[in-house]
Structure formats: structure tokens, C-alpha cells
């Protein structure tokens, strides 16, 4: 047990530069997330659940229902990516925990002591959570598409080339969808501060609204709900066929989700910047 | 940077939590090179003041400056101030070393610095374990390590010895003394004055959100109506002893069966007087005021007020929402 020596003080050094400090806050957020095993479990769950559910749903399809397999008009890409409905759950938990976990454990005070400019802290969290989600989302989408194709090809389905425009839109759009959902959850975590409350709220918005739409008997209201719910609107981007039958187009759908995300982040920023911690 | 960077300046802080006034014009300064004790009952406003100093809570009025700047304007805050607010505030699933590592990364400090503070605080191999399994003592050491990371000239410790074992308390005292000896400004809060005895050079005593006394420890002890002498004497001699001592100008009180408490005379004079008058006694002991007694005397007024209108709104009540321990 040594007393404190004078210590080779780190001094201002290069760290005093404002630019380096901003990067420092991002670096700190990355270190925080990577040093929790739960982060890696949740990211694995995003990939695992998305791929597994995609394979299961693809496997349940039989081309035998179509008169000629070549005339099947199933949206095979969208079917292969159905697992996002499961994978997004893990994304939501990860993103909410990135903020609410800090309130729950009290580390939010250390975080704000290290970065007193609160918007910067939120931005750093958003950047790191967004990047991790994008990486896991890209792996999940690639895995689900490739595995789904294998299953469907074995069944004799005609498959579009992976380089076709709508397929690329569905793939990139799904990754974007996951990132936007993560940021929505992050904003909710910052606004509500409590893990259970925030996770419940985001799950309700992402899963209950579409379910509710299914229960509404009035078709006009049903469509309205599907257009406004962040998950159903956002996932319109996965469609590669029968676009006219969608309640909302692929990119407008993603724009609806973006609006939800922006609102959640704005609420989170407002709470973070105005309230005591 | 204007002002001494190793200085804390609190001016006229006011803060309310609902109907309760937590801070009511709190003002004091903390100078470098000494340990300043920040003392008051639970709910007096110690933690709130510290949170405002760190920019975590906002005051309705007043200023809290470190090295002449509000915390939120500090470029590299961890290099300017180190703080231990709540030792329990670590993620239980994160290893102690990783907790220090993310703090270090936030200020571009090298990992070498993390290992230095681990060494300095005696965290040792525990740093490789998850913080959830730490004892309170280890958590305190981790919190201290985090505060020392940026080698800051100003240190704030909120109840640092709370829950430490005797060996830990001894270590903490030595650490606080040596940090001050290095020229740093060290502010240490406690609700027990006895914890600061032998550690603090200066005291800021607070109650109900304001400063009751801002004084050096030496002055406080000297000012306490402290020096008394206890005389043990048998029943037949007691009355005579009282008369003799009172005639010599002392204030004498019978404080127990066969015990007199004498103030106004030193022990040597008491012995001489009693001996000269032929009064038998079995013991004379000088009783110096302790810091605790001086503090009790100082805060009696405030304590009496607080004990009067008891109820949830009493600022000193254990459920006072102004108390950092209870708020969250």
C-alpha cells in the first residue's frame, strides 16, 4: 500500500487539444461498451436471431403452392429478412442500456464528470451504439440473405441476383432500419432514464403498434397505423416486389422511422441537458 | 487560467428540491495545500454542493468555481478536479481496471496511468475482477483511483471513510494528508467530525444549507469552552471541594456520584487548591475539548432547530430529500 507519490502527472500534453478530447469521449464510450460482456451477447443475438428466424421462415415456404416455381411472386428477399423482427429486440435492449444502464449504476455521474458537455456525451453514445449496430446489422442481413437463398433455392424458388437494385435497397435499408431503431431506443433511454420503463416503451412502440393495426377492423385506420408505426413503416424498405401493395413506399417508410428517432433523440437530449443527475 | 487552479470557490449557492431548501446561500473557499473538512449532519447540503461543483446539479443562484471556472467550462475536467462522490457508482459487470480505462480514454491518458493509480491505491489484483464483487473498501479505493487518474490539483471526496475498516481509515487519512502536502486543494465531507480529527486543517461546518463556521481546526478547538477538569472525590469532601474551588473563581458542577467538573482552572491549580485546603480526592484529570465536542457546541443551535419541527420536511431528517444518500 504505497502512499501517493508526486506521480508523473499526465499534464496537458496533446490531450489538451479540443479535437482530441472529442475523440476521447467517443473512445471512452467505446471502451465502456466493449468492456461489458452483455454487449457482445446482445450483438450476437442480433445476428443469430435474425439469421435463424430468416432460415426458419424461408424453410416454411414451399414452391409447391405455386403452379410453376418460376411463376412464384413471393418477395423472397423480404421473407429472408423477416428475422429482423426478432433481431431488433436485442438492438433495442443494447441501445437503451447504453444510457439507462449508466443511470441504474450511477456511472452517469462519472460520465458527465469526464464530459460535462452533455450533448457531446449523447452524440458519442449515439455514434458508438450506431456503429456497433451497423456492424452487427450488416452481418445479420448478409447472413440472413445468404442462408435464406440457400433454403429457397433448394426449394426451387426463382431468386433475384444479389446485385439487383431492389435487393441492395432492402439489404442496406434493413441495416439502416436497425441503426435508426437503435438510436430511437437510445433517445428513449436518455429521456426515461430507467431501463425497464424505456425498454417497455420502445418495445411497445415497435411491436404493439403493428399488432394493434392488425386488430383494427377499419381498413383505412389500419393502413394509417401501419404507415405511422416506426417498425412497419421502416421495414417497408425490405420490399423488393409488389411495391404498389405496400401501405407506404420503401424510402418514405424509412423517413417515418427517422422522424420517430429524431423525436426520441430530441427528448433524450432535452432531459439530459436540463435535469440534474 | 484566471485564479489559482488549485482553489475551490463557492459563492451564494441556492437550491431547492421541491419545498425543501437544500442550499441557502452556501459560500466558502477551499485553499490549496490543506485538507478542508466539509462537515454537517445528513441533509445539510454537502453532497448537493459537491454535485453542483461538478456540474451535475444546477444551482438556482450563485456560483461554484474550480480554478476560477465553472466545471462545465473546464477543457479537461479530469485533469482539473478529481472527485469521489459515490463509491457504489460503478457498473457491477465491468472490471475495476476497465472502469478506470474508459475514464482514462476520455482524456486521452495512457493505460500506463491506469496501472499507476491502481498501484497507488493498493487495488492490486482486484482491479482485474468485476466491480460487482468488490467490498466497500475496494470500491472506495477504485473511486479514489478514478479521482487521482488525471493527477488533478483539486480533489473532492464525499464521505470517503464511510464504511471503511480501521486499516482502510488509516490509509485514507494518510492519503488525504499527503495529497494536501503535495499542494493540492482537498475537500472532504463527513457527517462525523471525529472522522476528520487529525486529518483536516480547516473546517467548513454547515447546517441547513448554509455555512455555520469557516475556521481552522486550531481556532475551533481553542474557541471551544473546552478545557475542563474532572475531580473525583468522596461524599464527605465533595461539598468542601466545591466551596474551595468556587471561591477560587471556578465554575463547579457535580456531574456524577463523587465527580465534579471544574472549568476555569487548570488541573495543576485544582490539585494545589484542594491540597492546601486539606480536601481528600482520588483523582484529577484534565479534559481537553475534542473536535467532536467543539463541533457539537457549534451546531447545537442548528440541531435544536432541526429537532424541533420534526417531520419529513425537516432538513436534517433522515428522509430529507436534500440528502445525497437518499436522493436518486
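Cβ coordinates come from backbone N, Cα and C, glycine included.
Per TrEMBL, the feature compositional bias 'Pro residues' maps to A:1-13.
Residues or ranges marked as region 'Disordered' in TrEMBL: A:1-21.
What TrEMBL records for A:40-59 (among others) is transmembrane segment.
Within the chain carrying the transmembrane segment (A:79-101), a Cβ under 8 angstroms from the stretch's Cβ atoms is held by residues 29, 33, 38-39, 42-43, 45-47, 49-55, 57-58, 61, 107, 122, 125, 128-129, 132-133, 136-137, 140-141, 144-145, 147-149, 152, 170-171, 174, 177-178, 181-186, 188-190, 192-195, 198-199, 202-203, 206, 231, 235, 238, 268, all 6 or more beyond its ends. The transmembrane segment annotation in TrEMBL covers A:79-101 (among others).
Here TrEMBL flags A:122-147 (among others) as transmembrane segment.
Counting same-chain residues at least six beyond the ends of the transmembrane segment (A:167-186), those with a Cβ under 8 angstroms from any Cβ of the stretch are 46, 77-78, 81, 84, 87-88, 91-96, 98-99, 122, 125-126, 129-130, 133-134, 136-138, 140-142, 145, 160-161, 198-199, 202, 205-206, 230-231, 234-235, 237-240, 250, 254, 257-258, 260-261, 264-265, 268. What TrEMBL records for A:167-186 (among others) is transmembrane segment.
Only residues 6 or more beyond the boundaries of the transmembrane segment (A:198-216), in the same chain, are considered here, and those with a CB under 8 A from a CB of the stretch are 88-89, 92-93, 96, 99-100, 181, 184-185, 188-189, 191-192, 222, 225-226, 228-232, 260. If you look up TrEMBL, you'll see A:198-216 (among others) marked as transmembrane segment.
If you look up TrEMBL, you'll see A:251-273 (among others) marked as transmembrane segment.
Within its own chain, the transmembrane segment (A:122-147) is flanked in space by residues 22, 25-26, 28-30, 33, 39, 43, 46-47, 50-51, 54-55, 58, 77, 80-81, 83-84, 87, 91, 94-95, 98-99, 115, 162, 167, 171, 174-175, 178-179, 182-183, 186, 190, 265, 268-269, 272, which lie at least six positions past its ends and keep a Cβ under 8 Å from the stretch. Within the chain carrying the transmembrane segment (A:40-59), a Cβ under 8 angstroms from the stretch's Cβ atoms is held by residues 76, 79-91, 93-94, 132-133, 135-137, 139-141, 143-145, 147-148, 151-152, 178, all 6 or more beyond its ends.
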